[in-house]
Amino acid sequence: MKIKLLFNSDNEYIILPIHHNYLLQSMFYNNLPTPLANFLHEIGFFYYKRQFKLFTFSKIQSKYFELIREKSKITKIKYKTPITIFISSAINDFTKNWGETFLKKENIFLGKNPLYLESIEVLQNPYFEEDFIIKTLSPITAYKTFENGKKYYRYYSPSEPEFQYLIKENLRKKFEIITGEEISEFPIEIQPIKTKKVLFKYKDFPIEAYEGTFKIKTIPELFKTVYDAGLGAKNSQGFGMVEILNNTIKREKYVDSY
């Protein structure tokens, strides 16, 4: 289930660090009932020893934003209110709880910025077919972990075969957790159409990701997992949310941020 949240503020602008995925994630955890927030944050869902949260969220969307420099370095971003954020989960109860909590709360904080919910929209699921053109609402990341005296990460671009392989394996695990069905082999093709590399920091940890448009082909049941839980890794940190460009649901156009 995917919902669209429109937040407003008494202030014309909100100001955030340029890398603010952690603040967005914290806002979502802080606006769940405590037992559910603790479960999702501390436990989640497991595929053997691998932990999954099965939710993802978009970048902030606003009709205007401005980058703020300090000593020639971009350190903050200023968004004109209202702002829009999408959040989705393969577990409908999570999404429903976010919607209910945001509706009840008078004061919501994103970092130090006070917000209030102006509107909420539950988005209809598209008709899941085998072949879609998708656009990232938050960038996609795929990586491997290596040990060489210390742990390090190797990120892959959409032009590398490992990118598709890693996304396929990640998708298979999420599908098996959600459905309880084993799926050893399935078709999937991911073709970049127009993409760019973006660099993020999450708690000062660097992450390489890719945003833009892709063509994706897989079986409809698996595409529903992509749509709800995200494509690629680190979904709960704000990566891998997609929308379908040929979806019949019309959406207001916003400026992409940074």
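Each Cβ is built from the backbone N, Cα and C atoms, and glycine gets one as well.
Note: TrEMBL annotation is automatic and uncurated.
Annotated in TrEMBL:
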- Tyr29: active site, proton acceptor (ACT_SITE)
- His41: active site, proton donor (ACT_SITE)
- Lys53: site 'Transition state stabilizer' (SITE)
- 125-244: domain 'CRISPR associated protein Cas6 C-terminal' (DOMAIN)
Overall pLDDT of the domain 'CRISPR associated protein Cas6 C-terminal' (125-244), taken as the mean:
93
Can you tell me how far the Cα of Lys53 (site 'Transition state stabilizer') sits from the Cα of His41 (active site, proton donor), in Å?
8
Among all the protein chains here, how many other CB atoms are within 10 A of the CB of the residue listed as 'active site, proton donor'?
15
Can you tell me the three-state DSSP label for Lys53 (site 'Transition state stabilizer')?
coil
Relative to the Cβ position of the residue listed as 'active site, proton acceptor', how many further Cβ atoms are located within 10 Å?
14
C-alpha spacing of the residue listed as 'active site, proton donor' relative to Tyr29 (active site, proton acceptor), in angstrom:
7
So if I draw a 10 Å sphere around the Cβ of Lys53 (site 'Transition state stabilizer'), how many other Cβ atoms end up inside it?
21
